[in-house]
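**Student:** Annotations per TrEMBL:
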DOMAIN    21-528  domain 'Citrate transporter-like'
TRANSMEM  6-28  transmembrane segment
TRANSMEM  40-59  transmembrane segment
TRANSMEM  65-81  transmembrane segment
TRANSMEM  180-204  transmembrane segment
TRANSMEM  387-420  transmembrane segment
TRANSMEM  432-450  transmembrane segment
TRANSMEM  471-489  transmembrane segment
TRANSMEM  519-542  transmembrane segment
TRANSMEM  562-580  transmembrane segment
Amino acid sequence: MAMAPTVKVVLGSLSFAIFWILAVFPAVPLLPIGRTAGSLLGAMLMVIFQVITADQAYAAIDLPILGLLFGTMVVSVYLERADMFKYLSKLLSWKSRGPKDLLCRICLISAISSALFTNDTSCVVLTEFVLKIARQHNLPPHPFLLALASSANIGSSATPIGNPQNLVIAVQSKISFGNFVIGILPAMLVGVLVNALILLAMYWKLLSSQKDEEDATDEIVTEEDVNSHQFSPVTLSHVTSLNPQEWNSKRETVGLQSSPDVNSHHFSPATLSHVTSLNPQEWNSKRETVGLQSSPNVNGQKGHVENTLRGRANSVDNEIHRVSRGASDSARFLIESKEVLSTDVSFQQREETVPSKGVASVASLRDVLSEQSLERKERWKRMFRKACLSLVTIGMLVSLLMGLNMSWTAIAAALALAVLDFKDARPNLEKVSYSLLIFFCGMFITVDGFNRTGIPSNLWDLMEPYAHIDHIGGIAVLAVVILVLSNLASNVPTVLLLGARVAASAAAISKADEKKAWLILAWVSTVAGNLSLLGSAANLIVCEQARSSPHHGYTLTFWRHLKFGLPSTLIITAIGLTLIR
């Protein structure tokens, strides 16, 4: 393509430079307006400077990509609302065998969830869970945060819906969903495995030392418990914390006074279990078991029973004082006996007022039954919604694998979930990242205007003889170009700039090479996001989520990420290139 007039080249390059600066550095001091406004500014400057016309700007917006992106975001919102992602977090801690096992699980779960629900969504949902688990086990967070972000990027390369650049490639290349998955899945699986091995190699000592400290702590605690034969503070907290004055206060609450009638009676756990649920006949039977005889005339014998009960309460009180000095086994039973005595007294009092409270008891029972009925209905509704959600999501994936139009399939799935929810869809639609959709619109226009200057075409003409994908050297050169541009201009603009040119060059060799060129572009531009902290949105999401976490805040620095990201990206990219077909 010939170069445009000099004025158009200069103004177009200036507009693209402004867009690039604000996209890579959204909080630049001179113009801290963010990525979305920066993309709109770049698009507007392209039209104002007459690099492209208004009609060309509208035509540059790729509606199928926006439709696919919108549909997948809506589906993700409904999945998150139904707590489906919490099942992923449970897998992280289910029967975990230590820090190394946890790190491998994070790599696997992050990769799979990113391939199905986009890498950004997975990082948003899983970051807090990863931080929580790391803090609970007293583990350093950064190996696990690196595992989450890097595996999310690698896993998202396997499907067209895994990340935005794959959406662009799938729509522009017209490669079916199934062929896309088959072409990259082997590279993705091996890449996730190699990524986990690199993390283990770099942080083996750190994770091993943390595990040793946990084991040593557990052994010390176990030995102390065995040697001292003491129960845990939690078990005796309600016993040892009560002094005599507090017990007197408790006794006065239930109307019991001390009397030294009974000093040696003991209660068994079987006798004391479920005591509050007994009816009067069962209660009389239980009282006979512990030595209390009920009289046919309750009013006449109530004074004698209460005196007996007061004496038993005093005996129990003395036993509790001895328990607080070490007799922990009988503590629980004595406290329960205290409750039995107080319950017996209150029962004697309630026997006189049963007729007056009958109506209230029936009304209370009706209220309880009504609440239980409502809870059952809500439980069935939740189960129905989750079942519908699962069926719609599976149906969407099956339809994509069958080769149906990806944009309309995603939109249809989103609408089906909105209809089956039987609620106003506005709260869920408001959670969609419309700023991202606007960013894409501005980027489409800006990149199209920069392409019309002729600069990308002429630069590609210089590189094309050395970037043919029919030999190893050409693939290596192409991979390096994509790696560099993806970290300088971000991966989506790189795909928009190079996609058609790389595919045209490969199509001159064969149709199979054209498909391979698109898949190489998808693989390298995605894995390139692991090179630095600024390489992908998923990295930034993990970093910001971890930093702003209210309970488990942690700052993942640029250099700590680069120390791992540089070797990981180069190794995994090279291995994956040999597996793409």
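In case you wondered, yes, glycine gets a Cβ from its N, Cα and C as well.
Annotations in TrEMBL come from automatic prediction, not curation.
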**Student:** Given pairs 6 or more apart, does the transmembrane segment (180-204) have at least three Cβ pairs under 8 Å with the transmembrane segment (432-450)?
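**Tutor:** The transmembrane segment (432-450) and the transmembrane segment (180-204): touching, no.
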**Student:** Against which stretches of its own chain does the transmembrane segment (387-420) lie, if we need a Cβ under 8 Å and a gap of at least six residues from its ends?
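**Tutor:** Answer is 63-65, 67-68, 70-72, 74-75, 78-79, 82, 84, 116, 160-161, 170-171, 176-178, 181, 428-429.
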**Student:** At a C-beta cut-off of under 8 Å, are there same-chain residues at least 6 beyond the transmembrane segment (562-580) that contact it? List them, or none.
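**Tutor:** Beyond its ends, the transmembrane segment (562-580) has Cβ neighbours at 146, 150, 154, 183-184, 186-188, 190-191, 194-195, 198-199, 202, 475, 479, 483, 516, 519-520, 523-524, 527-528, 530-533, 535.
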**Student:** Test the contact criterion for the transmembrane segment (6-28) and the transmembrane segment (65-81): 3 or more CB pairs under 8 Å, pairs 6 or more apart in sequence, then answer yes or no.
**Tutor:** no
